[in-house]
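Per TrEMBL, the feature iminosuccinate binding site maps to H24, S41, Y112, V113, N114, S129, H198, P199, E200, T215. As annotated by TrEMBL, [4Fe-4S] cluster binding site applies to C86, C172, C260.
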Amino acid sequence: MDRSFLINEIKRLKTERNACTLAHNYQVPEVQDIADIVGDSFALSRAAAKMDKEIIVFCGVRFMAESAKILSPDKKVLIPSKYAGCPLADSITAKQLEAMKSKHPGAAAVCYVNSSAEVKAISDICCTSSNAVKVVESLKEDEVLFVPDENLAGYVAEKVSGKHIIPWPGHCITHARITVKDLVKTSKEHPEAEILVHPEVSEEIRESSDFVGSTSQIIDHARKSSNTEFIIGTEIGVLHKMKKDNPDKKFYLMSPRLVCENMKMTSLESVYRCLLNMEYEVSVPENIRKKAENSLEKMLCIE
Ligand code: CIZ
């Protein structure tokens, strides 16, 4: 379908349906460009809850759209691709977390936002990659179950003293594709570049980097830094905003394999079809939604 037709139709349908489109930092450039807001998953969900729109089209993966529904129960939340999931979020079920909790009865259960609504519902508190350290520091319990990302858990364990962190052995398959060889190669090619990575990367990559942060923190850091060259160790989608924000700076992706197939399932065409056919609706059963909201709200209280 013609690109300008799709853009015009998306604009028209957004007005007609009183809808907004939110795009995660990992979305393809053209989807980011038509979005009302671009950002990380939790910032998007919070912003959507405040927007005076009846319909939220979440251009991202399922757990993100679920978070939007948890915070906006009275709005209709749609996701353009029904297959856009997250293997990291799917790596732990509520039953598995229950089993972990029974093995460690005195421990607090912290779940990263990259988790299902069911897992959020039975966690004591949620965290994002930006506030995970603060969230864990705020807990009174010395023993902490941290799910589902073992690399983020490792990063938190390094930063927080006096807590025993028990990670779930899950990881992001996209971030796991970066090797030390990739890091060494890109650093040799761009010796002046600052290395910015996401905490979902492995410990060995993190240790050889200059800055570790969430997608929004990486984007902010590049904007504020006096450096002009950066090697980026997270999904390729963030480069779009970074290049737009900093036309005089140079950005190099640490590996061409940093592409999340699930994030790339959304296109201008799928956003158009989503608005046209009002599909695919994301719902969360009310009993689960309320408990998951509680875990998210607890996190907001310590921010
Ligand atoms: O929750 C998010 O948005 C993800 C997946 C990463 C981040 O750091 O923004």
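Placement of Cβ uses the backbone N, Cα and C atoms for every residue, glycine included.
Curation plays no part in TrEMBL annotations; they are all automatic predictions.
Taking all protein chains in view, 23 other C-beta atoms sit within 10 angstroms of the C-beta of C86 ([4Fe-4S] cluster binding site).
Note: the [4Fe-4S] cluster site is recorded as C86, C172, C260; in the same chain, Y26, V61, P87, L88, A89, N114, I173, T174, H175, E235, N262, M263 also have Cβ atoms within 8 Å of that site's Cβ centroid. Rounded to a whole value, the Cα-Cα separation of C86 ([4Fe-4S] cluster binding site) and N114 (iminosuccinate binding site) is 8 Å. If you compare Cα positions, C172 ([4Fe-4S] cluster binding site) sits closest to E200 out of the binding-site residues H24, Y112, H198, E200. Residue pairs drawn from H24, S41, Y112, V113, N114, S129, H198, P199, E200, T215, the listed iminosuccinate binders, are separated by up to 17 Å at the Cα level. It is 18 Å from the Cα atom of Y112 (iminosuccinate binding site) to that of C260 ([4Fe-4S] cluster binding site). The separation of C260 ([4Fe-4S] cluster binding site) from H198 (iminosuccinate binding site), Cα to Cα, is 14 Å.
Over all protein chains present, the Cβ of H198 (iminosuccinate binding site) has 28 other Cβ atoms lying within 10 Å.
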